[in-house]
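**Q** Mind having a look at this structure? Questions to follow.
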Amino acid sequence: MDQKQIEEIVRSVMASMGQAAPAPSEAKCAATTCAAPVTSESCALDLGSAEAKAWIGVENPHRADVLTELRRSTVARVCTGRAGPRPRTQALLRFLADHSRSKDTVLKEVPEEWVKAQGLLEVRSEISNKNLYLTRPDMGRRLCAEAVEALKAQCVANPDVQVVISDGLSTDAITVNYEEILPPLMAGLKQAGLKVGTPFFVRYGRVKIEDQIGEILGAKVVILLVGERPGLGQSESLSCYAVYSPRMATTVEADRTCISNIHQGGTPPVEAAAVIVDLAKRMLEQKASGINMTR
C-alpha cells in the first residue's frame with residue numbers, strides 16, 4: 001500500500017464520519033521539524049528541549065548548510081561531532097537522557113485513574129506486577145480467571161470487530177495516542193456497518209493475548225493496540241496487531257497483520273485509525289489475515 005492509497009483511505013473514512021481529513025504529510029513534517037540549529041555546547045540546556053535536540057556538534061564543518069538541513073530533517077541524534085575518538089559531552093548527555101526516557105516508559109504503570117477517565121473496563125493478564133511482566137512473557141499471553149469472567153459478563157458477544165488496548169512495553173504510547181486513535185477508529189468501524197465489541201484495557205498484556213480474547217468473545221476480527229518496545233528517545237510509538245478468527249491453539253504469528261510506528265513522528269494516529277478500519281473490512285471480506293490475505 002503506497003502513500004497515495006493511504007491518503008485516499010483516510011479521506012474516505014473521515015468523510016464517512018463527517019470530518020475533514022488531516023494532511024498526513026504536513027503532520028509528519030511538523031512532528032519531525034527541529035528548532036533552529038544550535039552550535040554552542042552548554043550543559044545548562046534541558047536535554048529534552050527542542051533547542052538541545054537541534055544542537056550541532058561538528059566543529060568548523062566544510063558545508064554548514066548541509067548539516068543544518070540534515071539536523072532539521074530528523075529528530076535522530078545526528079551531526080553530534082566527536083572529541084578525538086570520543087563523543088562530545090552534550091552528545092553523551094543526550095544519549096543518556098534518551099536512554100532514561102525509554103527505560104522510564106517501560107517501567108511506568110498506566111494509572112488506574114487514567115483508565116477510569118477513559119471509561120474503559122480494565123482486566124489483566126496472569127501477571128501481577130511489572131517485574132513479572134518483563135521476566136515472564138508467557139504469562140502475559142493469558143488472561144487471569146477474573147478477567148475471563150469479566151469479559152463474558154460485561155462485553156458484547158460475537159462482534160465483527162473487537163478492539164483491545166494494552167500497555168505492552170510503552171505506557172506513553174497508550175496515554176499519548178489514545179485520544180487521537182480510538183475515537184476515530186471506533187467511529188470508522190461503526191460507520192462501516194460493523195458490529196463493534198466493547199473496547200477494554202488489558203494491563204500487562206502481550207500480543208498473543210488477543211487470541212484468547214477473540215476465542216472467549218467469538219470475535220471475527222481482533223484489533224490490539226499495544227505499546228511498542230521504545231527506541232532511544234522515542235517512547236510514544238504504538239502498534240496495531242490485527243488477526244482474523246484467532247484461536248489459542250492454532251493461531252501463529254504469521255496470521256497477524258501489524259501496523260507499527262504509530263505516533264506523531266511516524267504514522268499519525270488519525271491516519272492509522274483510517275487504515276485499520278480499511279484493514280478490518282478487508283479481513284472480513286477475505287476471511288483471512290496476515291500472510292493469508294491477498295494484497
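Keep in mind that glycine also has a Cβ here, set from the backbone N, Cα and C atoms.
Swiss-Prot feature annotations, pasted as is:
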- V207, E228, C258: adenosylcob(III)alamin binding site (BINDING)
**Q** When DSSP is mapped onto helix/strand/coil, what comes out for C258 (adenosylcob(III)alamin binding site)?
**A** strand
**Q** Under 8 Å Cβ to Cβ from C258 (adenosylcob(III)alamin binding site), same chain, six or more residues apart: give me those in sequence order, or none if nothing qualifies.
**A** S239, C240, Y241, A242
**Q** What whole-number value in Å do you get for the largest C-alpha pair distance within V207, E228, C258, the residues recorded as binding adenosylcob(III)alamin?
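**A** Greatest Cα separation within the listed binding residues comes to 11 Å.
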**Q** Have a look around E228 (adenosylcob(III)alamin binding site) and count the other CB atoms within 10 A of its CB, chains all included.
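**A** 20, counting other Cβ atoms within 10 Å of E228 (adenosylcob(III)alamin binding site).
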**Q** Counting across all protein chains shown, how many other Cβ atoms sit within 10 Å of the Cβ of V207 (adenosylcob(III)alamin binding site)?
**A** 19
